[in-house]
């Protein structure tokens, strides 16, 4: 039997998983790497950490699977928007990677908006003018690394999102490519025409010579160096992490929704061939591109989801591991009604307030670790409802009523029950929770001829548990109203 290696390069760790051609998980390897915070609001990664952790976990997963040379394809999924610039000749990065959470270009984005550029950028890219996306991060690098722009014009420097950088490293510098879903997150890509936008690149003074070639999500992206796995292996599937999860959740029908809970939270609504223009400040993006055909989605992005649990552990030091939060939440005093707005790096969709910062409301002398844990988990549910309310406002006729969930926090029954309660709709957790890796493994396997097409793959999607709403509507709306007042207070400061 043939096997597929799925590389999942995330914000805090790199993971690698081996699947067989029936898409059964055979092995997993994971390695965390350091986060770099040079200044408040700045977030960086050392690209060598990204590469070394990917190489180590990929080799480890293949070894643990004991697959005896039957590796047939590789798929790559990745943290999106994060920017790497490297030398074409040596492969050496010219600066740390600037991470999607980084807010250093907030003033630049504000200036561009004041100059009237946001409508054109949004119409073409589907994105809002925000530091979250790659374009202004890339401009910052070209502005602040001496000689970088001139070198880029001479073809000496290359830009890529993390997938592109990893493909370059895996292929030994033979392929400078990306896929449509990652390109769609740069704020440089015209998602209607499927090309890099010359006008936006010109506005930001970004040499187009440094941009990668854009391909379908299932396509030949290059062959790995022979020394990595004993022979050359084709890279046949690439998608940004949230789009890969959309595929892994088999959300192929317009109206289907999924939400992934990792460091952040990302909800996607499949809108099919229709590019829905959001009136509620959501993003219009590419869900996946197969056979040259683009399928679109509305997306809402929350910057802080699982990261709020990391804050409980690393910042407040009231837990030692994430799994403790569910027990604490169960033991909390619900009457306390503590509210945490975790705007540590600003507010994401649908507010888009990069300057906002977090706050805690409703503190009393009896507020302790249990109440903080409960409020932290509840904040993720509240933010998800914000996204779903905006999606329904934009595309009410097509949205289905069930939300499919995945990611680390989806393991928490308490969190998913609260999510169902606060959104007032069923929440479905799949049997296979590694949907991001599964999605890109399927893309690579389909391109290799090992896995079925979308319809047959969707028929095999299996439900592990459905969480039905149990909270009374009056309680739900009162709690959500309190959350809304807390968010408005944060934005007013």
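Positions of Cβ are set from backbone N, Cα and C atoms, glycine also.
Residues or ranges marked as sn-glycerol 3-phosphate binding site by Swiss-Prot: 11, 80, 81, 132, 241. Residues or ranges marked as ADP binding site by Swiss-Prot: 11, 15, 263, 306, 408. The feature ATP binding site is assigned by Swiss-Prot to 11, 12, 13, 263, 306, 310, 408. Per Swiss-Prot, the feature glycerol binding site maps to 80, 81, 132, 241, 242.
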How big is the Cα-to-Cα gap, in Å, between residue 15 (ADP binding site) and residue 241 (sn-glycerol 3-phosphate binding site)?
12
Of all the binding-site residues given, 15, 80, which has the fewest Cβ neighbours within 10 Å once its own Cβ is left out?
15
Let me spell it out: for each of the binding-site residues (81, 241), count the other Cβ atoms within 10 Å of that residue's Cβ, using every protein chain shown. Which one has the most?
241
What does DSSP call residue 13 (ATP binding site) in the simple three-state scheme?
strand
DSSP on residue 306 (ADP binding site), three-state: which is it?
helix
Binding-site residues compared (306, 408) - highest count of Cβ atoms within 10 Å:
306
What is the total of other Cβ atoms whose distance to the Cβ of residue 12 (ATP binding site) is within 10 Å?
15
Cβ packing number for residue 263 (ADP binding site), 10 Å threshold:
25
Between residue 81 (sn-glycerol 3-phosphate binding site) and residue 242 (glycerol binding site), how many Å separate their Cα atoms?
12
Rank the binding-site residues 11, 13, 242, 310 by the number of other Cβ atoms within 10 Å of each Cβ and report the first-ranked residue.
242
Cα within 10 Å of residue 263 (ADP binding site) - qualifying binding-site residues among 80, 132, 241, 242:
none
Under 8 Å Cβ to Cβ from residue 132 (sn-glycerol 3-phosphate binding site), same chain, six or more residues apart: give me those in sequence order, or none if nothing qualifies.
81, 100, 101, 301, 303, 348, 354
Binding-site residues near residue 13 (ATP binding site) (Cα-Cα within 10 Å), from 80, 241, 306, 408:
none
List the binding-site residues among 12, 242, 306, 310, 408 whose C-alpha is within 10 Å of the C-alpha of residue 80 (sn-glycerol 3-phosphate binding site), in sequence order, or say none.
242
I need the CA-to-CA distance for residue 310 (ATP binding site) versus residue 241 (sn-glycerol 3-phosphate binding site), whole Å please.
20
Using the recorded ATP site (11, 12, 13, 263, 306, 310, 408) as reference, state which further residues of the same chain have their Cβ within 8 Å of the centre of those residues' Cβ atoms, listed in sequence order.
10, 262, 307
